[in-house]
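Engineer: Mind looking over this structure? Questions follow.
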Amino acid sequence: MKTEFEPTILAFVCNWCTYTAADLAGTSRMVQQPNVRLVRMMCTGMVDPKYVIKALLSGADGVLISGCHPGDCHYMNGNYKARRRVRLLKEILPLFGIEEGRVKLTWVGASEGNEFAATVNNFINEIREIGPMEARSMAIV
Amino acid sequence: MGNKIGVYVCHCGTNIAGKVDCEHVAKYAGGLRDVVVARDYQFMCSDPGQDMIIRDIRDYGLNRVVVASCSPRLHEKTFQKACQRGGLNPYLMQHCCIREHCSWVTADRGEATAKARRIVEASVNRVGRHRELFTRDVDVLPDVMVVGAGIAGIQAALDIARSGHRVHLVEQGPSIGGHMAQFDKTFPTLDCAACISTPKMVAVAQEPNINLLTWSEVVDVSGFVGNYTVTVLRKARYVNEDVCTGCGTCLEKCPTKVLSDFEEKLAFRKAIYRNSPQAVPNTPVIDAAHCKMITKGKCGICQKVCPTGAIDYNAVERREVYHVGSVVLATGYDTMDPTVMSEYGFGRFEEVYTALQFERLNNAVGPTGGRILMKNGQPPESVAIIHCVGSRDKNYHEYCSRTCCMYALKYDHLIKDKVGHHARVYNFYIDMRCFGKGYEEFYRRVQEEGVTFIRGRPAEVVREDGHLVVVGEDTLLGMRVRVPVDMVVLCTAMEPRRNAQDVARVFGVSQGQDGFFLEEHPKLGPVSTATDGVFLAGSCQGPKDIPDAVSHASGGAAQALALAARGHVSISPTTSYIDPEVCIGCKVCIGLCPYSAIEFDERRKVSVINEAMCKGCGSCAGYCPSGAAQIKHFRESQVFDEIDGLLGMHAPEGPCGESAESSANVQAGEPA
């Protein structure tokens, strides 16, 4: 069963670091599994937990949030805010029957194309291990 | 009025079409809700491609446009402008990327096509929620700040000043010139470095449009493109620049000796000092940590001998505030300290020198008066020059430092020239990279002078019977070699300045993997940064030789001037908005805003955005418990619909939707 499961991943990435890294990964032709789809945000600080939950309830098996390294935020400290928020979000996810591993926050700087490709591929594999989102079928939206 | 969406899928030659079935994606898009025309075309960014959008806006009455091609970081503006020319508000366009994030990174054609379909569908979904937005024009202050006064900073400052704009040139050292002031000759022309840089340094001092701030550091930057407020810390010099004539009497009489950084610790300077006799400005500076008068209250000789009374031991640092439209960063590089590579013996054996030390040995005003001498006062009979020390080395810096091959060749020539042709010179290299104008010719010339080239990074430098021996392998011969020499020169890597991280933070620019400042685009934006109005010049962006640094600096100056000369700049309207009908007045957003752009309206009991200060980071919107705060162009409804599209929540039935217009594809060369 697990071998047939192809996870769907949504990635909220900041325009200044990770989206640029994704561009670089593309320009450098660093092949990634096709399961991830990017949502360009200006900053991880604008990623409302609602977006993450919405994505999980609407069909995503995992959500990646990725922005600038600590101290490098284009908006001074948006990534620190994201870090706190994801921490809190992970506390409540299990209450809904959602494994906290389905949400991941990483830092990928603008010049780290290889890091981006590796992050995406690793996360897809992690979600493949966790399996399909069971909680979604039980949720009443 | 309902939405009428036009979708344009770009082939980008075979860049996209090689992996994505563009025709199929366009057909699929044609079947999506509100899409009235969907086309695929060879090159959307070309004139015919853009004209196609403009014509469709008129012919079909499009009020929304989706372009699926390369990254929006590359061409979003192109298509926004095309929409504008067609009479459509540019923010009613959504540009999505099916190249960098899809065709180029996906192995399988079917999977790439499916992914592209989702990406396009998300954009169609999202664009339906877009609203008209209008950019604001703000005035750009005419002055420019240049930070760092090495050759790059000097060039940038002169270029800007000569256009009539005022430049504040900030240098942390006591005088200008940077590393170039330490060199003697420059490759491949063997121009004397001082002869070509001193006129420029003097020009800086004499240029009325340049406000030269040496012994100063930028400590704070606030504001936004066109309107930066920069706080400069003027460190205490203890010598009054307005009164000092630079006579140098104080330098002679000062009793304290300190190892000189400018001389790369090969010579001493006084506690009151200047870097060199040609220093600009030639006002000395007192090293407070070593001055006996300042540390112990005993001495005061310089004050006694100063004929103009310029010495002031009670001077204090002060802060000055400048208002500038843009900033050019030219903070340069450091050379690597090779002590960590203990195998080469730097710091253990006194005849092992770094490249910069060797430059000083050659400099006419250096510790040996320009003669290549060992510590015992004798010229070396044989010298080993080790390339790539710390460069092209996974343990230190992976990148090539770009200049070492050439300055090593310069040293080869200088040794032959100054010590005599009997002197033996051995180059231990990995590859020779002589890529510039006249560089390869110089390489040939040096080869003909009888210099030995040994391919292979040496394993170590040892001392046997009082002699240095370089131990390594000649990888061309496949033989181990042991070369006894009198002197070893290490071609040390260029690395980011020690304080690059602090500078990056103050100016809001990013650093690349290597620590050098990150340019906006490695090919097409090498002088601009992700922060509007902050430009790069010289080696703070990556290793550069002098001609590259100078041309890079002129590029940075041109960018800064373009802003200053136009006098105004468009500011993105994608700022925050707080709906007063929804705001509950909890004030959470106020504490979160990093730009202090939110105020509380006491009368209405709601938070209000100051759009001039808001940069649209979304810190407020992400946290607002009532959903009153929204980022324009990244509204909740827009993001939600994008998510739905990416996840295929509203996908039409069947693998490929059909509609009347979906077959209206155009082939290259014959736009409909």
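Cβ atoms here come from the backbone N, Cα and C positions, even for glycine.
Got these off TrEMBL a minute ago, pasting:
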DOMAIN    B:235-265  domain '4Fe-4S ferredoxin-type'
DOMAIN    B:282-316  domain '4Fe-4S ferredoxin-type'
DOMAIN    B:574-603  domain '4Fe-4S ferredoxin-type'
DOMAIN    B:605-634  domain '4Fe-4S ferredoxin-type'
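Describe the structural context of these features.
Structural biologist: In the predicted structure, the domain '4Fe-4S ferredoxin-type' (B:235-265) carries a mean pLDDT of 95.
Beyond the domain '4Fe-4S ferredoxin-type' (B:574-603), the same-chain residues lying 6 or more positions past its ends with a Cβ under 8 Å from any Cβ of the stretch are 133, 609-621, 623-634.
Helix, strand and coil counts under DSSP for the domain '4Fe-4S ferredoxin-type' (B:605-634) come to 5 helix, 7 strand, 18 coil.
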Engineer: Taking a Cβ cut-off under 8 Å, which residues six or more beyond the ends of the domain '4Fe-4S ferredoxin-type' (B:282-316) line up next to it in the same chain?
Structural biologist: 174-175, 215, 236-241, 243-251, 253-256, 258, 271-274
Engineer: Could you tell me what the rest of the chain brings near the domain '4Fe-4S ferredoxin-type' (B:605-634), counting residues at least six beyond its ends with Cβ under 8 Å?
Structural biologist: 91, 130-131, 133, 136, 138, 224, 572-590, 592-599
Engineer: Across the domain '4Fe-4S ferredoxin-type' (B:235-265), what are the DSSP residue counts per state (helix, strand, coil)?
Structural biologist: 5 helix, 4 strand, 22 coil
